[in-house]
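Undergrad: Okay, here's the structure, questions in a sec.
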């Protein structure tokens with residue numbers, strides 16, 4: 001994978017993403033990535049957390065019992 005320096009507030013693969021593309025979040029302070037809202041992931045925050053995880057950065061593990069599915073935002 002090659003690494004390139006993006007200009008004009010763009011970032012991501014081939015510098016094709018801008019802050020306006022962050023759909024479920026906002027641009028990071030350094031304007032070089034999207035900071036996703038809880039429950040969202042991906043380069044532009046357009047993917048829900050994988051099943052079994054939730055919260056900020058999808059870093060929390062769901063504790064549902066009996067095969068239940070948890071909400072990607074709240075974990076309930």
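The backbone N, Cα and C atoms fix where each Cβ goes, glycine too.
Okay, these came from TrEMBL:
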DOMAIN    11-46  domain 'EGF-like'
DISULFID  36-45  disulfide bond
Undergrad: Tell me whether residue 45 (disulfide bond) sits in a helix, a strand or coil according to DSSP.
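TA: Assignment for residue 45 (disulfide bond) reads coil.
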Undergrad: Using all protein chains shown, find which of the disulfide-bonded residues 36, 45 scores highest when you count other CB atoms within 10 A of its CB.
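TA: Within the set of disulfide-bonded residues, the most crowded position is 36.
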Undergrad: In three-state terms from DSSP, label residue 36 (disulfide bond) for me.
TA: strand
